[in-house]
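Colleague: Take this structure, written in structure tokens, and hold onto it; I'll ask about it next.
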Amino acid sequence: VTENDAWETAVFDFSPLKDNKNKIAKIEGEYEDDTVLAPPYTLCCWVLPLLQQATGLIVHIYDNENSLEIKLLEGRLGVSINNTCSVILDTPELESHKWHQLCLAVNDTGSVLYLANHTFDFLFADKKICFTSTKDVDRVTLQLGSYPGGFVFSGKLARVLLYTRELNVSEITQHQQCQPGPLDFQRVLNVSHIGGVERQSRALEEFCRPHPSEFIALFRAYNHHYEARAFCKRMGGRLINRSDDYKQIAHEISSSKDIVDLKVLFWTEDMVYNSNKYGIVLSVTRADEIYHTLEFKCSSILIVTACFLPYGIKVYVKGDDVMEFSALPYNGQLILQSKDGAIISKSKCPNDTATNNECLKSSICDYEMYAHFLDNQLYLGRKDWFTPNMMAKKTYTLSLCSNDSFTCNDSSCIPLINRCDGIVQCPDHSDEGDICYILEQPSSTYWKSACPEESPLINLKVRLLGVNTVSLQGNEFGVTLYITLSWTDHRLKFINLANNMLPLEPEEFDLIWSPVVYFDNAVYRDNLNILKKIDVLQDITVSAVRDSETTIDNSYEVQKVNGSHVFINQHFKYLFTFSCTFELFTFPFDTQECQMSLRLKCTSGCQPKWNSESDEGIQVEGKDLTISTYSISQPRFTYDVSEENAPTEVIVYVLFTRKFIAYLLTTFLPCIVLCILSHLTLTHFQLDNFTDRITVTLSLLIVIASLFSQVSSSLPSGPMPKLVDFFFFYCILRVSFVFFLHSCIQKSLTGRQETPDSADTITMKDPSLDINVKVAWVSDVTKHRPTRRFNTPQIINRLGIVSVLLCDVTITCLFAYWAISEQIEKDDRFSTYNYTKKD
């Protein structure tokens, strides 16, 4: 390869992807000397691969006795000397779109490769012989770019210089520093170009310039200024700004094959900030690379958008899995290329002879798929791909979004946790709607009647919302319960849960297994309604207990988690009626302990158990409640656990403590007052005032009896007597006993009374009238009363007072013992049950 006096170097651009039949790009030539490869010799060249992990021939030289071959195999250098099998050197991968200077020095003892200021020594003495090349052209001793195995080098080669001596280190350094170096290299004759090869001239120092971090790409996008800026940002790039080299931009635009327009106008970043909001437009005439700037109103529509894109920006192609591509310029065109050689580029749509519509073309070896451009020829976004014969179709998403992001159809990105959260966040609304589902369709082997395992553990949470009724006549009580059953099913997979608790649709829930709960002491109607979901407020939610794994499902990013790490939560709210045996002996000071039994249905091969292994496996919650007649304690629960199995039944207990203040005011205190009044007839009435004492006592007895009759009609019916019955009976006995005392006292008084006339007057017979008349009275001084040893009425009265008081104390203690002992007994037993601790 020759240079002129200005040291401009011929650069050969190998572009096998151009539209040529054989996709060949190579150079053939010959040297004057037939023994150019007689050791020692040195080969130096500049290489710029255009594709990542490129594979292809760099240079192949042979003479009558020796051969040398240097090639790229998936980005690494391979060397073959004298037809030995290629030795893949332990060099780093050659970065694409960057010039690399390499020199290979060969002598009789070994070989040294100089690359990027590093040296690599290797020997070929014992290497296996591989005849992979053929000399199909007479006197051809040099071949560049083509690889006999079918892979063609795609990139640029410059200054391929062969020396028939071994260069020293300083001479090799000259090459590496973009200096001319020694000029005694071998001349090449009869050079011919075959296939896609272009020749350019570049200054030698350009090879050592820093690699640009950006390249310009053109898009046919109909945008005003604000949309153009957003368009470039969505592509991962930016608009042109005033700090860029407009001359170089005009040159690159002129060589671009992304558009065919002879004159293009496109927005720059610069704006004129005034009331009319004008933007700066760069105008380029491509034929002669003339450019100038104009002012356009920002609402004007331009048909071409130019974006500066970072070299090698990562583009992810998402179908059923993720393939990583890099956005790179190639032959004046934007392409996406993966490390395994797949290329996505702009091409004419297949079978489209009537129009010149362009498509995206995906090439993996000889397999090709196409997608129509959408949204003003945007490379990114979700597209339907098809084969030329339309026999296969597939949806792929081209995205710049990271793993924790969701790609909208228009290629914009939102956080993945915001997908399917009920709030539209994609500009095109593609994050919500029909794409949203939580449960992945179960496999064909899934059977909803079978348990996930033989004895799955079921978490239970019971919340007592309220006690609605207490029927002493029917021995029933009505409560509103909110029950949550939670379990896992490793046979399922869930999508888009993130860290949220999301609802599961009823039709999805009908596809999976769920436990069946019976409420043993509930009325039959309630169990039937729960099974048939009648009058039941029910909802199903799912929540993940560990972070989801981001994966791809039919081109959509999803967060998928195995069912073994997802709780399926069945919530239902229902007004239950449970039976309860009410013990009313101590009524109205009674305390009732009622229970609610929840039992899991077990079948052969499927025996679910309540999760008693975890503190949060069984939870029973509820506040202290109050209804008209009872105070209700926070519920507690018990379960039986054998040595081998978890429990299948949980019993929830509720303690009803009757509020008796009203009974004290309306029943007990009035009776006590009446009893006190009857007692006053013994202490404050005269003993000989029988009429008043007996009248008051009898009236009090009638009042107590009528009050007893009235209260008895409102008491719970039952054959067993109650404490209030004993109380009334005692009150009636007490007043009756007072009545009996009054009668005894009066009897005693009547038996002791004397006639006043015979005792205190003197009479004699009047002969004229023939009758007895009073003639004298006995004075108080002369009258002498008979001496009495005992005052019997007084003794009876005092004995009655004492005995009644003793009976009151005894009965009061007995009644208190009955009422308090039952309360203490039930409270102590209730306190031994389990309860859920409040936070």
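Cβ atoms are placed via backbone N, Cα and C, with glycine included.
Okay, these came from TrEMBL:
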- Cys401-Cys413: disulfide bond (DISULFID)
- Cys408-Cys426: disulfide bond (DISULFID)
- 446-634: domain 'Neurotransmitter-gated ion-channel ligand-binding' (DOMAIN)
- 660-682: transmembrane segment (TRANSMEM)
- 694-715: transmembrane segment (TRANSMEM)
- 727-745: transmembrane segment (TRANSMEM)
- 795-820: transmembrane segment (TRANSMEM)
Colleague: Which one of these disulfide-bonded residues has the most other Cβ atoms within 10 Å of its own Cβ: Cys408, Cys426?
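Modeller: Selected residue: Cys408.
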Colleague: Would you kindly give the Cα-Cα distance separating Cys413 (disulfide bond) and Cys426 (disulfide bond), rounded to the nearest Å?
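Modeller: Rounded to the nearest whole number, the Cα-Cα distance is 8 Å.
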Colleague: Using a 10 Å radius around each Cβ and all protein chains in view, which of these disulfide-bonded residues has the most neighbours: Cys401, Cys413?
Modeller: Cys401
Colleague: Reported as an integer number of Å, what is the Cα distance between Cys408 (disulfide bond) and Cys401 (disulfide bond)?
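Modeller: The Cα atom of Cys408 (disulfide bond) is 10 Å away from the Cα atom of Cys401 (disulfide bond).
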Colleague: Please report, as numbers and ranges, the same-chain residues at least 6 past the borders of the transmembrane segment (795-820) whose CB is under 8 Å from any CB of it.
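Modeller: Here the qualifying positions are 585-586, 589, 675, 679, 682-683, 687, 723, 726-727, 730, 734, 737-738, 741, 744-745, 748.
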Colleague: Which whole-number mean pLDDT does the model give the domain 'Neurotransmitter-gated ion-channel ligand-binding' (446-634)?
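Modeller: Across the domain 'Neurotransmitter-gated ion-channel ligand-binding' (446-634), the average pLDDT comes out at 90.
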